[in-house]
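Here's what TrEMBL has on this protein:
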type	residues	note
TRANSMEM	B:6-26	transmembrane segment
TRANSMEM	B:38-56	transmembrane segment
TRANSMEM	B:76-94	transmembrane segment
TRANSMEM	B:122-146	transmembrane segment
TRANSMEM	B:152-168	transmembrane segment
TRANSMEM	B:180-202	transmembrane segment
TRANSMEM	B:222-243	transmembrane segment
TRANSMEM	B:263-286	transmembrane segment
TRANSMEM	B:313-338	transmembrane segment
TRANSMEM	B:358-378	transmembrane segment
TRANSMEM	B:384-405	transmembrane segment
TRANSMEM	B:412-431	transmembrane segment
Amino acid sequence: MIGWIIASIVLFIITLVSAFGTYFGLYKEEVEPKGVEPENELSLD
Amino acid sequence: MSSLWINVLIILALGAVFIISSWYISRKVSSIDEYVGGRGKLGVAFGTTSLLAFWITGNTVMAGPEAAYNDGILGALGYAALGGVAVIAFAPLAKRIHEVVPNGRTVGDFFRHRFDTKNYNLFIVLSLVWVFGFLMTQGIGGGLLLEQVFDIPYELAVILTFFIVIVYSTMGGFSSVTGLAFFQVMLILVVIVVVPPLVYLTVGVSPVYEGMQAFDLGSLDLLAPAGLLLLFAGPILGIGEVFMDNTFWQRAYAIRKDKVTQIFSLSGIGWFFVPIAVATLAFVAIGTQQAPKEVNQVAPFIAEIYGGEFASWAFLIGVWAALASSIAALLNSITSLILNDIYLKFKPKATNDQQLSFAKKLTIAIGVLGLLVSLPKITSMLQMLFFLGVVNAALIFPIMYGLFWKKLNPNMSFVAAISAIITGYIVYYSVGSLQGVVVSGYVSFLVCWVGSMLKPDNFDWKRLELAGVGQEENK
Amino acid sequence: MIVSLLFFKIMVWGSIIISALLMIAVFLYFLYEIKKNEVW
């Protein structure tokens, strides 16, 4: 059971980090089609 | 007059109000866009309530307390996290959807233009299975709820609910559904803000806590394994549901671009705290050792003991408003998905009026079908949700990476979805339901990520800008 | 780990108060947006 709990915590974190990825500097290489949000650019640094 | 007939009268009166309001709203609906979504016009009030109304289902109001009664504090927190985290996690996606799919209408528009035909076909099938499955859980769950808690016979409850919802959601489509959602959510919130304080001001918080300590110490434990698994695997299930659900995509397109973050955050907060507020009623049941016959009756049971008949009726109004608003949102969501992604493929030149008339007939047909499959009481709500959760989790990463990451390879996302579903169900049947969801999520993540690192795609985001453009020209 | 009485009190009243604030916030937004004709 402990193993499943840890596995689900790790997947939970991976999912959240991927969803909020632009705030953590993920997906840097993406070319925004239009209207890059300035706050995203700031958080990439 | 018996309480059965009073309860039926309450539903009929509320239903009549919904239908009249919907008729009033529908007078302004003349374009198919307003009927299936409307583009980027919803403000904070209607945007937030349209999300809350769909996502707070009749079962939220009942199953939250049930989880709290079974698993104590962790049950309440886990149930809240299941929905709340998912809505907040969808906020960056909704923002991104506005940026890369500015003209979209359904989740299908994204899939058609971001991936290839095999992905699109697989997704449309899974998506329809999911929304229809969800509609069934609402019908069945709602019928059971009204039968067990409010003494209304199951068949009568299902027929009455579907009939009223079909009538009002057919009239004005998305505009009616979102317009009414505001008032429905206000009703639900009033009940939640009035009933639990009424109970706690009578019994007191400390006596409840001491009672829980004395009778069921485990319910106050923050490290109970079953509860912990729900706390972390639950949100993965919720995120999977939200990401692939056309109902959320419709709302993402429909709300104002500059208000997206505000609206999703407010809804997430709402979804997190509303179930906890209702679930606190279950703690009273544990602390004072007053158990109802059926566990899912725990909230109205306690409400009636301390708040009398008034509280019981207030609960019926809240629960039924929650139930009706979710079914209405689902009917409209399925209609828009079929219209946009199936009907228009065969009749791309259909005029506005033809589409509108088809959409109305379709809403009725889906409603009647939903009613018929809900009548036999096939399965329980939670079983069905966990079962479909494997499919939900398998699509988390294809959708998320598809929106943010140009390297995501469509072949890999297809393999990821299929392999995640297969392994997920193997674990689901051999180990356990939540474990199946977790494994499905992992396989989906690993295949998408590793596969696309090995064979990266180079997606041109401009292709997504074209999504949904064609339909506008037909007006 | 057993939660304390204080945590329990915060959870009960906190969730009710935040639900109430949400209700008020959404309603005020409604009035504000209806005034600016931005509801939908």
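Glycine too: its Cβ is placed from the backbone N, Cα and C atoms.
Below 8 angstroms of C-beta separation, residues 83, 87, 98, 103, 105, 174-175, 177-182, 184-186, 188, 242, 247-248, 251, 253-257, 259, 262-264, 266-267, 270-271, 274, 322, 325-326, 329-330 of the same chain, each at least six residues beyond the ends of the transmembrane segment (B:38-56), sit close to that stretch. In summary, the transmembrane segment (B:358-378) lies against the transmembrane segment (B:122-146): three or more C-beta pairs, each 6 or more positions apart in sequence, are under 8 Å. In this chain, the transmembrane segment (B:76-94) does not touch the transmembrane segment (B:313-338); fewer than three CB pairs sit within less than 8 A of each other, excluding pairs fewer than 6 residues apart. The transmembrane segment (B:412-431) makes no contact with the transmembrane segment (B:222-243), as judged by fewer than three Cβ pairs under 8 Å among residues 6 or more apart in sequence.
The transmembrane segment (B:6-26) and the transmembrane segment (B:263-286) are not in contact, since fewer than 3 Cβ pairs between them lie under 8 Å (pairs 6 or more apart in sequence).
It is B:76-94 that, among the stretches B:76-94, B:122-146, B:152-168, B:222-243, B:384-405, forms the most Cβ pairs under 8 Å with the transmembrane segment (B:263-286). The stretch from B:76-94, B:122-146, B:152-168, B:384-405 that makes the most Cβ contacts under 8 Å with the transmembrane segment (B:222-243) is B:76-94.
For the transmembrane segment (B:122-146), the most Cβ-contacting stretch among B:76-94, B:152-168, B:384-405 is B:152-168 (pairs under 8 Å). Same-chain residues lying 6+ beyond the ends of the transmembrane segment (B:76-94) with a Cβ under 8 Å from its Cβ atoms: 51, 55, 60, 63-64, 67-68, 227, 230-231, 234-235, 237-239, 241-243, 248, 251-252, 255, 260-261, 264-265, 267-269, 271-273, 275-276, 279-280, 282, 399-400, 403.
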